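Colleague: There's a structure below that I have some questions on.
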Ligand SMILES: NC(=O)C1=CN([C@@H]2O[C@H](COP(=O)(O)OP(=O)(O)OC[C@H]3O[C@@H](n4cnc5c(N)ncnc54)[C@H](OP(=O)(O)O)[C@@H]3O)[C@@H](O)[C@H]2O)C=CC1
Ligand SMILES: O=C(O)C1=N[C@H](C(=O)O)C[C@H](O)C1
């Protein structure tokens, strides 16, 4: 392991992403697994986080508060729930830590609260940490620029596992925002999140969202550009959560050397400098 490998703590370590994050940090020679945190009061407190992840014993017992491991880590990776994430960000701002946030489903108020930390703590916040989705966001900009004003209807379709609690997915919303941004539209005005009953024909400028929840689907997103005579579908399909986990560890290494600021996965991957 490299001597300057950041020490990483994972909150929500017993969750679907938490277990994959343990594996991803363990696989990365330039990152050091330092701590894992479960929900306060959880019966999993004290369980070995390697065993929780199915990797065998690592000798790191799960803590149930950030305060109890405050001296043990440099970067926190957080894929939990909005309120927990914001509380953890406040803790990290106070204690000079860096943070990678994958949590989705934040309300407008919660997003504003999160943004309030941009001058106080270095953090990466992205609804999807996979390289493929972040490249797809760039492809969507190109497609929207070419097609958006040419009579193509735009719809975003996403599918996830039965346990997912927020909808549409953070990735679907980001895809919609990217397309809307290129076209000078906003999701507040043009996003259509429900069609039921006599809802009338679609308007030319709306951006529709459709959500599927079923079985063990890891995460699938399609943006559809359709007009009379043809349609284009830009699709990303994740088949393993390790793609998100590896991206998050890459983001943790990257943010460990950055000044205070709110960063996106596009910054981590160097996709922002390529211009529009
Ligand atoms: N950005 C990205 O690339 C990706 C983002 N996500 C997002 O990550 C989030 C988590 O997804 P997923 O792993 O599937 O969900 P899970 O429900 O499997 O995991 C969430 C974990 O967070 C724990 N948790 C909740 N509150 C706290 C707290 N206060 N302190 C410590 N732990 C807490 C939960 O514990 P308990 O069960 O005890 O409540 C649970 O173990 C979602 O918002 C999802 O959309 C998911 C995949 C990729
Ligand atoms: O909850 C999930 O599982 C996922 N959530 C993220 C989202 O909401 O976009 C990313 C990924 O698609 C998996």
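Cβ atoms here come from the backbone N, Cα and C positions, even for glycine.
Remember, it's a predicted structure, so these values are computed and weren't measured experimentally.
Pulled the feature table from TrEMBL, pasting it below:
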- 160: active site, proton donor/acceptor (ACT_SITE)
- 164: active site, proton donor (ACT_SITE)
- 12, 13, 14, 15, 16, 17, 102, 103, 104, 126, 127, 128, 129: NAD(+) binding site (BINDING)
- 161, 170, 171: (S)-2,3,4,5-tetrahydrodipicolinate binding site (BINDING)
- 7-129: domain 'Dihydrodipicolinate reductase N-terminal' (DOMAIN)
- 132-269: domain 'Dihydrodipicolinate reductase C-terminal' (DOMAIN)
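Explain the structural surroundings of these features, please.
Modeller: In sequence order, 169, 212, 213, 217, 218, 219, 220 constitute the residues six or more apart from residue 160 (active site, proton donor/acceptor) in its chain with CB-CB distances below 8 Å.
Cβ neighbour count for residue 164 (active site, proton donor): 17 (other Cβ atoms within 10 Å of its Cβ, all protein chains included).
Summarising the environment of residue 127 (NAD(+) binding site), the number of other Cβ atoms within 10 Å of its Cβ, over all protein chains shown, is 22.
For residue 170 ((S)-2,3,4,5-tetrahydrodipicolinate binding site), the Cβ neighbour count at a 10 Å cut-off comes to 19, with all displayed protein chains included. According to DSSP, residue 170 ((S)-2,3,4,5-tetrahydrodipicolinate binding site) is assigned to a helical segment.
For the domain 'Dihydrodipicolinate reductase N-terminal' (7-129), the predicted model reports an average pLDDT of 98.
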Colleague: Go through the recorded positions 102, 104, 127, 160 and pull out the ones with a Cβ less than 6 angstroms from some atom of ligand 2.
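Modeller: Among the recorded positions listed, those whose Cβ sits under 6 Å from ligand 2 are 104, 127, 160.
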Colleague: Output: those recorded positions from 14, 160, 161, 171 whose CB lies less than 6 Å from an atom of ligand 1, in sequence order; none if no residue fits.
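Modeller: Near ligand 1, sequence order: 14.
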Colleague: Out of 16, 102, 104, 127, 164, the recorded positions in the record, which is closest to residue 171 ((S)-2,3,4,5-tetrahydrodipicolinate binding site) when you go by Cα distance?
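Modeller: In terms of Cα distance, residue 171 ((S)-2,3,4,5-tetrahydrodipicolinate binding site) lies closest to 127.
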Colleague: Using a Cβ-Cβ cut-off under 8 angstroms and a sequence gap of six or more, which residues of the chain neighbour residue 161 ((S)-2,3,4,5-tetrahydrodipicolinate binding site)?
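Modeller: In sequence order, 213, 214, 215, 216, 217, 218 meet the Cβ cut-off.
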Colleague: How many Å separate the two farthest-apart Cα atoms among the NAD(+)-binding residues 12, 13, 14, 15, 16, 17, 102, 103, 104, 126, 127, 128, 129?
Modeller: 21
